[in-house]
Amino acid sequence: MTELYIGSHLSTAGGWNALLERSHEEGGTAFAFFPRSPYGKRSKALDPADAATFGARLKAEDYGPLVVHAPYVYNLAGKDEAKRAFAIEALAEDIELLTAIREAGQEVYINIHPGAHVGQGTKTGCQLISEGLNQVFERTTGVMVLLETMAGKGTECGRNFEELATIMNGVKNKANVGVTFDTCHVLDAGYDLVNDYDGVMRQLDEAIGLAKVKAIHVNDSQFGLDSHKDRHANIGQGQLGIPFFTRLVNDPIMAKLPMILETKEQTPATHRDEIELLRGLVQK
C-alpha cells in the first residue's frame, strides 16, 4: 500500500504559512480549511496574491490534494432567492481563489454540502442544486466541486447515492463535479459499512462510479446505522469502529484518496494521534 494522504480540518488564522505549520505539527500530508468564515464572510487571513506560492510549497512537499470546505451557509437548494444567489456568487469566488493553488501544480477540490430543499421537495431541491452549479461553472471551472454524502437529517438533499447521481446528471460540465465520501454520514444515512462494506461500495459504484469519488471525510459515528443524526465520533470510539477503518485504509481504491478528519479535538494531540492510528492500520 502507498502512504496515506491524511490530515484534519485546520484553522486559517494567521494565513497560508500558519495553515501549513499546523499541518506539519499534526504530521499531516493533506488537510482541509474554510476559504472564508463558515458563515460566509470573506476570510481576511488568506491573501489571494500568496495562493500560488502556497500551492507551490505544497507541491514541493508532496502533499495530497487539498479538500477545501465551502461554508455551511451555502444552500443551492434553498427557496430564498437572495441567499441562493449569494451561495452561487460566493462559491464562484472561492473557486477563483483556489484556482491559483491548482495552477501552481497542487491538486485542490472544494467540498460542499449539496443543500436543503426546505419543504420544496427532493426533486426540486436536486434540480436547483444542478442549476446553481451550472451557473457557477459558467463563471469559472478552475477547481472541481465535490458533493458531500449527507446523513439525511431534515430536508437535506444528497442523503443517498441516487440523489447525488441525480444532481450530477443535471450538471452540464460533468468533468467538474465529484463526490466526497463521509464515513459517518454514509452510515447514518442507512448504508451498512460495518457489515456490508463491499455491498455499499458496489452501490456507490453503480450509482455514481468510484472514479467520481475524490476525497474522504474520515469520521466515526456516535449514533450509527440509519440514525440520520450526523454526529461525529473520534476514530474507533463510535459505531463504525476500528475494523471498519482498517478495511478502509487497506482498500486499494479508497486508500489513494485524501482523507480528512473532522473529529473533535479532545486534546491538542487528538488529530496527530488519530493520524498515527490510521497509518498504523495500513497493512505493509
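Keep in mind that glycine also has a Cβ here, set from the backbone N, Cα and C atoms.
Here's what Swiss-Prot has on this protein:
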- HIS69, HIS113, GLU148: Zn(2+) 1 binding site (BINDING)
- GLU148, ASP182, HIS217, GLU262: Zn(2+) 2 binding site (BINDING)
- HIS185, ASP230, HIS232: Zn(2+) 3 binding site (BINDING)
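Structural mapping of features recorded in Swiss-Prot.
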| residue | record | Cβ within 10 Å |
| --- | --- | --- |
| HIS69 | Zn(2+) 1 binding site | 23 |
| HIS113 | Zn(2+) 1 binding site | 24 |
| GLU148 | Zn(2+) 1 binding site | 22 |
| ASP182 | Zn(2+) 2 binding site | 26 |
| HIS185 | Zn(2+) 3 binding site | 27 |
| HIS217 | Zn(2+) 2 binding site | 25 |
| ASP230 | Zn(2+) 3 binding site | 20 |
| HIS232 | Zn(2+) 3 binding site | 22 |
| GLU262 | Zn(2+) 2 binding site | 16 |
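Cα of HIS185 (Zn(2+) 3 binding site) to Cα of GLU148 (Zn(2+) 1 binding site): a span of 9 Å.
Recorded residues GLU262 (Zn(2+) 2 binding site) and HIS69 (Zn(2+) 1 binding site) have their alpha carbons 11 Å apart, per Cα-Cα distance. Rounded to a whole number, the distance between the Cα atoms of ASP230 (Zn(2+) 3 binding site) and HIS217 (Zn(2+) 2 binding site) is 12 Å. ASP230 (Zn(2+) 3 binding site) sits 10 Å from ASP182 (Zn(2+) 2 binding site), taking the C-alpha atoms as the reference points. Spacing of HIS232 (Zn(2+) 3 binding site) relative to HIS69 (Zn(2+) 1 binding site) is 16 Å (Cα to Cα, whole number). Between HIS69 (Zn(2+) 1 binding site) and ASP182 (Zn(2+) 2 binding site), the C-alpha separation comes to 13 Å. Spacing of HIS113 (Zn(2+) 1 binding site) relative to ASP182 (Zn(2+) 2 binding site) is 11 Å (Cα to Cα, whole number).
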